[in-house]
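**Q** Annotations per Swiss-Prot:
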BINDING   12, 13, 14, 15, 39, 40, 178, 179, 326, 327  NADP(+) binding site
BINDING   113, 204  phosphate binding site
ACT_SITE  148  active site, acyl-thioester intermediate
BINDING   175, 201, 234  substrate binding site
ACT_SITE  241  active site, proton acceptor
């Protein structure tokens with residue numbers, strides 16, 4: 001069976017590199033076009049990335065000889081789908097151009113997330129939101145990932161919301177430096193330090209989970225009806241976003257009921273047996289000092305959400321710690337899992 005031809009936009013960036021790694025020998029998709037800025041256009045990917053490849057494994061052989069082009073749908077007419085790791089400064093217009101040209105977009109940028117006809121898709125959490133795609137007026141459809149920080153948070157909240165209802169959430173993030181892209185945060189700012197502000201992150205952390213966990217009515221996504229308060233911090237960890245979460249419930253669960261809801265949680269990717277679907281979706285660890293990025297980040301090849309330290313909260317009801325891989329589960333891996341879901345559900349033709 002022939003594979004679907006795809007492009008990667010922003011192929012030289014940190015998320016673009018993850019796409020290229022994860023799509024190596026993928027059973028559904030074949031990268032035929034790599035797109036980046038004019039500075040890289042006309043050169044082979046291997047030439048451009050000699051000193052810029054920042055993943056521990058080598059550049060996949062298939063990508064080295066692909067010639068980079070600028071992100072223009074006229075230059076990628078044969079692709080069905082484009083994975084976008086573009087910076088938000090340019091992503092909005094470029095992604096819209098691809099959709100207008102009939103090429104589907106799965107985006108990691110913030111630009112289209114708040115459009116009520118664009119799903120912020122987390123494949124296990126809200127696959128039903130795909131039905132709003134019919135409300136988009138373009139031939140190509142736009143789907144977005146959430147902000148990488150709240151990907152694991154949203155996954156952790158979904159089974160709790162379904163079983164017990166949620167009134168409010170407080171979260172405190174410790175976000176890895178890779179989340180800022182490359183070259184990222186200056187060394188003298190982050191070494192031996194914590195930066196208690198990341199521009200725009202708290203606003204995204206307080207609103208995006210509500211859309212992810214909302215419901216579809218009349219072709220639009222309505223937000224979930226609870227409130228979130230967020231503190232977002234940059235810490236000197238390379239990969240892995242750790243978030244401390246406190247939750248107030250409508251129906252008061254026991255510790256055992258919460259853990260059971262996490263252990264039982266799965267979604268359509270697991271039912272369909274998608275290649276990148278983690279099993280388990282959530283791993284709960286009983287050790288009092290877990291999860292840790294150094295020890296738990298690669299669980300499920302970076303796709304499993306790891307939770308620990310569940311205990312009573314004297315102000316709300318319960319609190320816990322959640323860890324997810326920000327460039328895999330929170331970015332390229334989530335986008336690829338979304339694409340696998342689209343493929344299996346025949347959205348790609």
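Each residue, glycine too, has its Cβ placed from N, Cα and C.
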**Q** If the substrate binders are 175, 201, 234 per the record, what's the largest distance between their Cα atoms, in Å?
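**A** That value is 10 Å for the farthest Cα pair.
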**Q** Ten-angstrom check, please: count other Cβ atoms within 10 Å of the Cβ of residue 234 (substrate binding site), all chains counted.
**A** 23
**Q** Would you mind pulling the longest C-alpha to C-alpha span across 12, 13, 14, 15, 39, 40, 178, 179, 326, 327, which the record has binding NADP(+), in angstrom?
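**A** This binding site's residues have a maximal Cα-Cα distance of 27 Å.
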**Q** Find the shortest Cα-Cα separation between the residue listed as 'active site, proton acceptor' and the recorded positions 12, 39, 148, 234, 326, and name the residue that gives it.
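**A** Result for the residue listed as 'active site, proton acceptor': the nearest of the recorded positions is 326.
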**Q** In the structure shown, with every protein chain counted, which of the recorded positions 113, 204, 241 has the densest set of Cβ atoms within 10 angstroms of its Cβ?
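**A** Of the recorded positions 113, 204, 241, the most buried by Cβ count within 10 Å is 241.
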**Q** According to DSSP, which kind of secondary structure is residue 12 (NADP(+) binding site) found in, if we only use helix, strand and coil?
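**A** In the DSSP reduction, residue 12 (NADP(+) binding site) maps to coil.
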**Q** Long-range same-chain neighbours of residue 201 (substrate binding site), Cβ under 8 Å, sequence gap at least 6?
**A** 147, 149, 173, 175, 230, 232
**Q** Just the number: how many Å between the Cα atoms of residue 39 (NADP(+) binding site) and the residue listed as 'active site, acyl-thioester intermediate'?
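**A** Between the alpha carbons of residue 39 (NADP(+) binding site) and the residue listed as 'active site, acyl-thioester intermediate' there are 27 Å.
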**Q** To the nearest whole angstrom, what is the C-alpha distance linking residue 234 (substrate binding site) and residue 178 (NADP(+) binding site)?
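**A** Here the two Cα atoms lie 10 Å apart.
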**Q** Could you check what DSSP calls residue 241 (active site, proton acceptor) once collapsed to helix, strand or coil?
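**A** For residue 241 (active site, proton acceptor) - judged by DSSP and reduced to three states - the answer is strand.
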